[in-house]
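Swiss-Prot lists CYS293-CYS310, CYS323-CYS346, CYS326-CYS358, CYS674-CYS720, CYS730-CYS758, CYS827-CYS863, CYS839-CYS875 with the feature disulfide bond. Residues or ranges marked as domain 'MRH' by Swiss-Prot: 672-877. Annotation source Swiss-Prot lists N-linked glycosylation site at ASN169, ASN405, ASN691. Summarising the annotation, Swiss-Prot assigns phosphoserine to SER1018 and lists a large-scale study or a structure entry as the type of evidence. Look at Swiss-Prot and you will find 1-47 tagged as signal peptide, backed by sequence analysis. Residues annotated as topological domain 'Extracellular' in Swiss-Prot, with sequence analysis given as evidence: 48-929. For 951-1029, the entry in Swiss-Prot reads topological domain 'Cytoplasmic'. Residues or ranges marked as transmembrane segment by Swiss-Prot: 930-950.
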Amino acid sequence: MLFRARGPVRGRGWGRPAEAPRRGRSPPWSPAWICCWALAGCQAAWAGDLPSSSSRPLPPCQEKDYHFEYTECDSSGSRWRVAIPNSAVDCSGLPDPVRGKECTFSCASGEYLEMKNQVCSKCGEGTYSLGSGIKFDEWDELPAGFSNIATFMDTVVGPSDSRPDGCNNSSWIPRGNYIESNRDDCTVSLIYAVHLKKSGYVFFEYQYVDNNIFFEFFIQNDQCQEMDTTTDKWVKLTDNGEWGSHSVMLKSGTNILYWRTTGILMGSKAVKPVLVKNITIEGVAYTSECFPCKPGTFSNKPGSFNCQVCPRNTYSEKGAKECIRCKDDSQFSEEGSSECTERPPCTTKDYFQIHTPCDEEGKTQIMYKWIEPKICREDLTDAIRLPPSGEKKDCPPCNPGFYNNGSSSCHPCPPGTFSDGTKECRPCPAGTEPALGFEYKWWNVLPGNMKTSCFNVGNSKCDGMNGWEVAGDHIQSGAGGSDNDYLILNLHIPGFKPPTSMTGATGSELGRITFVFETLCSADCVLYFMVDINRKSTNVVESWGGTKEKQAYTHIIFKNATFTFTWAFQRTNQGQDNRRFINDMVKIYSITATNAVDGVASSCRACALGSEQSGSSCVPCPPGHYIEKETNQCKECPPDTYLSIHQVYGKEACIPCGPGSKNNQDHSVCYSDCFFYHEKENQSLHYDFSNLSSVGSLMNGPSFTSKGTKYFHFFNISLCGHEGKKMALCTNNITDFTVKEIVAGSDDYTNLVGAFVCQSTIIPSESKGFRAALSSQSIILADTFIGVTVETTLKNINIKEDMFPVPTSQIPDVHFFYKSSTATTSCINGRSTAVKMRCNPTKSGAGVISVPSKCPAGTCDGCTFYFLWESAEACPLCTEHDFHEIEGACKRGFQETLYVWNEPKWCIKGISLPEKKLATCETVDFWLKVGAGVGAFTAVLLVALTCYFWKKNQKLEYKYSKLVMTTNSKECELPAADSCAIMEGEDNEEEVVYSNKQSLLGKLKSLATKEKEDHFESVQLKTSRSPNI
């Protein structure tokens, strides 16, 4: 039992009573007994029982002069029906108050409570009633009772907000049949308060396709306390074009309903708003009147609980019993119109061309058709006519894997055969197998596993239309019914599996889908590429806005599941009555899916044969084995190589691992086992990063959006080990979907990503007023390990020297390089990551992870991410070069040798310090004493001898001087000696010379014996020779 609220009279304010008031009138607010006595007094005054201020008698009241309403319910659940005079009416003799229906009474749908007799009556034609409910399905303007409150950083934003990027312009926007949420990063609440006399429920329909907006619905009481904190307030995502429904039970009393959205804008892409329509609230008391049908609708039966929409080319006014038809030749109208519109002259935007299926002659015709429904006129001035159809062209060949059997259609090749589309299907040669998949590059008819559709969230103009049309060498978006239609193209593939020879492989990639496209737009068109896994939920993988040149995009499939790939094209997101962007379109030239289950083959590839006999059927190779070309037998890949996921034929299918890496057991991936070796200046450095193999985390920020929303970048890094498994996990916690799926062990959850490096955006709880921090926008930064080296460049990934501070030691940094196999519009080669491991003995344990100061988000271009990981665990293992020995003193015949680390110590673990060494030795104390004594004695002796010889020398000098003086005095007294002349020619043969000099030995002897043997000194004087001697 519901009553329908429309326009400004539908809503109820905060704390209003439960009864639905009559239009333009307010119910009483006082308690029942006060109201009764007050009205009785008024009636007595009007009847003349009490003194009146005017002596003029009042006319008696007629039924048209007053209306009935109920008082508030008292504590016993009772109320009174009282008569209330209409405004600007003066009369006397109002009916007395009578006891009313119980407070929980209500009428059925299609009925109203006739207050005079207090009985339920059916609504008449042109009106409707919802009984004890209230419904909001008209959103031309915000209905009465609803309010918008925009908040930012827990601050209510009012009209006085003068910030240029404030939230004063953020609100829910009525769009006719639905209401649309904000698109910015403000928090906007759509609020409605209702007072229920009995338990009921609230029900609404919604579209919520973009997880960059947080959408929550919750209920509070009149004390602003949540009614049920255990209820999940997060609304689940819906598929594109799907209207989901949400309902919550309501308790009796005041219920304040909140539809709250918060946009998270971290990039330049615009978010898709939340849409809400058909809000129904059950549990209000009664309605005292039926409501007329809104314009564009009608009700032709008594007791209706809703109104029907007028069909196309008809219209109706308010309260209509039937719809009036427009003039067929000159007017038209859409469904639910309140008036007819004149038909405009036809233009080139009113028709489109298609290609007919091939006929038996292999020809296709170009046909021109008016856009349906046709609303233009050809008979007006300046109107164009439809171009002639029927021009024939040669049909394109069949798509690869299909053949033409002489009919006008193409058929898939039987299993085990292949065709390029121009020839008959042929069986694959011995030793080969079909390369299954789909390759659509000719578009004469829509393939059997594809379908197209059109929908609009605000109308049903294009329901049943083809969203896309084939056009020979491409397929293009169709005309649709409005410029804001979603034109949908779906491709369904039941699963993916590797070739037979690779069945045992454990590689992550199972297949890939590639499409070539271009967009031609004059407005804000958008092409969405979406993926649905196992028919659970459709997620937008990538989108392109505006005009885009012809390009290819590849999406990799990592698991075997049922996939539905969707291309959705929208010319503009603003709905308009006239067509302005009909010529905006998207063209897809080819779609290729590899390794598709139930696919067809355009070629054959080599496979491994059984060893029993030549030409036997294909057999799967064990993991890590390739097919040898000479024998077509399986052979294991060499060490330190991994098997290509695209082909296994030939030894070249085994791709060498990068530096510092090794293959896992299955040769499916290369990984680092956390050990690294490097030669430096004839010294071998050994690193062991095992203690850093667990996931390292970094919370970077904070950063702020244009409106000031604080958020953080959260990174998880799985450095090495674990046999190459991706241990870093990032999740979105907007709903509890992830937790439930993880507990259940399902592989279908999409809110969780695993990689070597991943990133999430964290919104702190205080930033948006949430009870807990929110994690969203989880992306994979690295899912493939490239290598580890001390060099700063590896496979086009370069770490600039000024990216991080210069190290303080001579220990080289070790660099781990990764990449992501998923390409994006901004990173056509995928993302890449470099992790610089730096030895820092002061950072114990897991150490510290940081990002470049120049790139606080970890990346400067959005494609390459850099991290510096400092830890003592990043130091090399200790060797004999990292310590030195210290010898102690010899004590008691023993000597100790100690070993200590070099300072500062730049190594960990490795070898340990040797034990102290104890060796025997000769004590040096005694010899030191002997040496000291001998030295002292020698010194004294030398001093004594010096003094002695000095004294003796003084005496000798004195005696010599005395002797010389004595000799000189005697020579003076003697007469002169005669001399004999020597004649010329004679020889002096008798000349004898006696020396007075002694040798050194003689001197020593004389000194030793002089005192004892000779008390006289003899001095030989030199004299001239005389003849008497």
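The backbone N, Cα and C atoms fix where each Cβ goes, glycine too.
Here the Cα atom of CYS293 (disulfide bond) is found 33 Å from that of ASN169 (N-linked glycosylation site). Between the glycosylation sites ASN169, ASN405, ASN691, the minimum number of other C-beta atoms within 10 Å of a residue's C-beta occurs at ASN405. DSSP assigns ASN691 (N-linked glycosylation site) to a helix in the three-state reduction. A count of other CB atoms within 10 A of each Cβ picks out CYS346 as the most crowded of the disulfide-bonded residues CYS346, CYS674. The number of other CB atoms found within 10 A of the CB of CYS310 (disulfide bond), across every protein chain shown, is 25.
Cβ crowding, taken as the number of other Cβ atoms within 10 Å, peaks at CYS875 among the disulfide-bonded residues CYS358, CYS827, CYS875. Per-residue confidence over the topological domain 'Extracellular' (48-929) averages 83 (mean pLDDT, predicted model). Closest to CYS827 (disulfide bond) in space, going by CA atoms and restricting to the recorded positions ASN169, CYS326, CYS346, CYS730, CYS839, is CYS730. Of all the disulfide-bonded residues in the record (CYS323, CYS358, CYS863, CYS875), the one with the smallest CA separation from CYS720 (disulfide bond) is CYS875. You'll find the Cα of CYS323 (disulfide bond) roughly 6 Å from the Cα of CYS310 (disulfide bond). When each of the disulfide-bonded residues CYS293, CYS323, CYS730, CYS863 is scored by how many other Cβ atoms sit within 10 Å of its Cβ, CYS863 comes out lowest. Counting Cβ atoms from all protein chains shown, CYS720 (disulfide bond) has 24 others lying within 10 Å of its own Cβ. Sequence-distant neighbours of CYS758 (disulfide bond): residues of the same chain at least 6 apart with a C-beta under 8 Å from its C-beta are PHE715, ASN716, ALA728, LEU729, CYS730, SER778, ILE779, ILE780, LEU781, ALA782. The DSSP secondary structure for CYS674 (disulfide bond) is coil. A count of other CB atoms within 10 A of each Cβ picks out CYS839 as the most crowded of the disulfide-bonded residues CYS326, CYS839. Distance from the CA of CYS358 (disulfide bond) to the CA of ASN405 (N-linked glycosylation site) is 13 Å.
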